[in-house]
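Asks: First, the structure itself, so that you have it in front of you.
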Amino acid sequence: MSNQDTRVVVGMSGGVDSSVTAYLLKEQGYDVIGIFMKNWDDTDENGVCTATEDYNDVIAVCNQIGIPYYAVNFEQEYWDKVFTYFLDEYKKGRTPNPDVMCNKEIKFKAFLDHAMKLGADYVATGHYAQVRRDADGNVEMLRGVDNNKDQTYFLNQLTHEQLSKVMFPLGGMEKSEVRRIAAEQDLATAKKKDSTGICFIGERNFKEFLSNYLPAQSGDMRTLNGKKMGTHSGLMYYTIGQRHGLGIGGDGDPWFVVGKNLEDNVLYVEQGFHHDALYSDYLIASDVSLVNDIDLTDGLECTAKFRYRQKDTKVTVTRIDENQIRVDFDQPVRAITPGQAVVLYDGDVCLGGATIDDVYKEAGQLTYIV
């Protein structure tokens, strides 16, 4: 099939990455349509969320490069699949990753389904990742060339079927090159800053935002030996390994969050970056999603990331059952956080990932969440 007979629907956010994605595909002769996804109702947020402004930028870019554009509303799907998950995880004392869930449920599910109804052969986004295909229809996901921007961590839940319909035109490029192309073409978004933070929070204070949806309950801040060190303002506001915002004075090493007790509403803290309570030897994770089937019965040696932009750690992965894996680390790892993603790699190939449930030392489960 020639490029001009291949319809690619581009998810456009109003940012520079998706703008250049659409431009490159148009230049390559594809039949390109731009779609702006409205995932969050910004009418009651005092204008902080910039959906209207972003859509105007999408319109400007699409008019510049000469492609049709539409806006589609996924607010209900987003609320049901991403935001309620986000709140439920915080209620459990965990630290969720809404970007992973947004990619899984919205950008590569609701949006993909919508694009197929428009006759799309592929969808494309401005993510920094790569898709490798062969003649037999096999698909692999690879890290983006720009190490600093690689987004495979957030795409770890994509299935083989989803990836077979996806293009990532920026995956082989550095961010600086993307900016250069945008400037050369004088795209409306060329000088726009990269967005930061979770889409539905924007630049607002996270603590303030969360308290609108979940009631906070203050409680004791204690060492693992039970010594009271202060008062916390609500367990959901703290994450494992957190240093700032504890309000513990005095001399010596800084203090860090090492655990939570939901039943007694206690936040555990200990002193020192390398405190033993922050280190673990293995984890159990669920919601396992692998791009391609891998036999994990005898253990797979590969590498893993436990948070975005972290260096890879050598691990051995064993399947417990259909939905759970055990990941053993070659060396103890610091501040692994339940609710976050563990993402598996074989060299530059992203194998898939899972959601961290429990973290252990060889001697037994840590006190991260009791």
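Cβ coordinates are placed from backbone N, Cα and C, and glycine is handled just like the others.
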Asks: Taking G119, G126, G137, G144 as the options, which does Swiss-Prot list with G11, M12, S13, G14, G15, V16, D17, S18, M37 at the ATP site?
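Replies: According to Swiss-Prot, the candidate sharing the ATP site with G11, M12, S13, G14, G15, V16, D17, S18, M37 is G126.
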Asks: For the C-alpha pair, I'd like the distance in angstrom between D17 (ATP binding site) and H127 (site 'Interaction with tRNA'), rounded off.
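Replies: Rounded to a whole number, the Cα-Cα distance is 8 Å.
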Asks: Which one of these binding-site residues, G11, G15, has the sparsest Cβ neighbourhood, judged by other Cβ atoms within 10 angstroms?
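Replies: Result for the binding-site residues G11, G15: minimum number of other Cβ atoms within 10 Å at G15.
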Asks: Within 10 Å of the Cβ of D17 (ATP binding site), how many other Cβ atoms can you find? Include all protein chains, please.
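Replies: Excluding its own Cβ, D17 (ATP binding site) sees 25 Cβ atoms within 10 Å.
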Asks: Given the ATP binding site residues G11, M12, S13, G14, G15, V16, D17, S18, M37, G126 in the record, what is the largest Cα to Cα distance, rounded to whole Å?
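Replies: Of all Cα pairs among the recorded ATP binders, the widest measures 16 Å.
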